[in-house]
Amino acid sequence: MLEISYMSGFGNEFSSEDPRCPGSLPEGQNNPQVCPYGLYAEQLSGSAFTCPRPANKRSWLYRIIPSVKHKPFTPEPCGNLTENWNEVEPDPNQLRWLPFTIPKSTEKKVDFVAGLHTICGAGDAKSRNGIGIHIYTCNTSMVDRCFNNSDGDFLIVHSGSIRPIFHTEHPIFYFTITEIVLLFFFQQGMRFSVDVFGETRGYILEVYGAHFELPDLGPIGANGLANPRDFLCPVAWYEDRQVATGYTVINKYQGKLFACQQDFSPFNVVAWHGNYTPYKYNLKTFMVINCVAFDHADPSIFTVLTAKSTRPGVAIADFVIFPPRWGVADHTFRPPYYHRNCMSEFMGLIKGHYEAKEEGFQPGGASLHSMMTPHGPDADCFEKNSSAELKPERVAEGTMAFMFESSYSMAVTKWGLETCQKLDKSYYQCWEPLRSHFNPNWKPSKK
């Protein structure tokens, strides 16, 4: 297996050149009349040229053939990938899905793009304002095919023991032996291909019109949550490969898929520099902040990445995790409280058992609690934790749940409500056993 090194740091200014071509980065300028090694200079811009410097994102790529060389794009079947938020009537109920089915490779070969399914979303890619939440289920690698999202950023949460390899222009992401729970982050316009070695699935949060960034820490201070140095970007490594049978570039554009053909691999970047890059992040490195006295801190303390809206303090979308941690709060109902929220909460479970619902919410499944829809611990969780001895305990050991939280009121697709046939219509029953504990004669205990 090819040994790939990584550079660390979220939003850093990186520079890298393939060691097979020393000196391939131009010295002192971006676009010389003739690039070293006869390469082409190509800029990939992730922001307007005139954005303030802290928000300005671009990378210069020095490649064997520029990406402009391709045949015309033609429409490609979209399958269950959609941006049509009016397929079915709105549903304000609490929704939960059983683990999404991964097609058997013996029955049908399905790669990453063919395995994309949209569950819910809101907004519009044309106006660059909104989000989409997708599931991918696949069983075969993308052979001489790559994917490019012109609509927005893809934040990919891998689920399962089958570890994919992501090929990019920057260039390759591998899992290491110790990386079990990984986040992959491909910003708008970045091309990538996915190799899998068995049946696999994961979750995708797509954001139009904004890029993900690390959340502000406020009174937490300079350190904590997701540390910038734990985000990794691979060093340059090029593939100079002609493809006589044709290489397919699939482009997601205005919510639809289009495909074009070219006769070379797009992963032909020999050197690059800039701050507009893909990343991988090991969720195990998240530094957890938690309450050490009483009550709950808000779940925003578990935010890994945020895509900000134009309203201060309000996110288009947050990526939040609930990792293993210590629970030590006194005089407190420690599981999540009952809640009605002005935000939409989509949750997934990568592994283990979620603390507020140990039954029913399974790895590879999901739930959606829409704007102002009541949610909270099931009846068993409430009864158990209302009388539990409050001693220090490990919470969520062996578990990793996450949440895509959004200020948008999200619509569920027809695939999500009907076609996938994974909607758990008995979900509401987990709260049915809740009973009244009200005692009008209650008096405070004398302690």
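Backbone N, Cα and C define each Cβ position, glycine as well.
Worth saying up front: this structure is predicted, and the values here are computed from it rather than measured.
Listed features, source TrEMBL:
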| type | residues | note |
| --- | --- | --- |
| DOMAIN | 6-283 | domain 'Homogentisate 1,2-dioxygenase N-terminal' |
| DOMAIN | 284-438 | domain 'Homogentisate 1,2-dioxygenase C-terminal' |
| ACT_SITE | H296 | active site, proton acceptor |
| BINDING | H339, E345, H375 | Fe cation binding site |
| BINDING | Y354, H375 | homogentisate binding site |
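Each residue in P336, R340, N341, H369, T373, P374, G376 lies on the same chain as H339, E345, H375 and has a C-beta within 8 Å of the C-beta centroid of that Fe cation site, without being one of the site residues. Less than 8 angstroms from the CB of E345 (Fe cation binding site) sit L368, H369, H375, M403, F404, E405, each of them six or more residues away in the same chain. Remark: Y354 (homogentisate binding site) has F322, M347, F361, A396, T399, A401 as non-local neighbours, by Cβ distance under 8 Å and separation of at least 6 in sequence.
Considering only the recorded positions H296, H375, the Cβ with the fewest other Cβ atoms within 10 Å is that of H296. Taking only the Cα positions, the spacing between H296 (active site, proton acceptor) and H339 (Fe cation binding site) is 13 angstrom.
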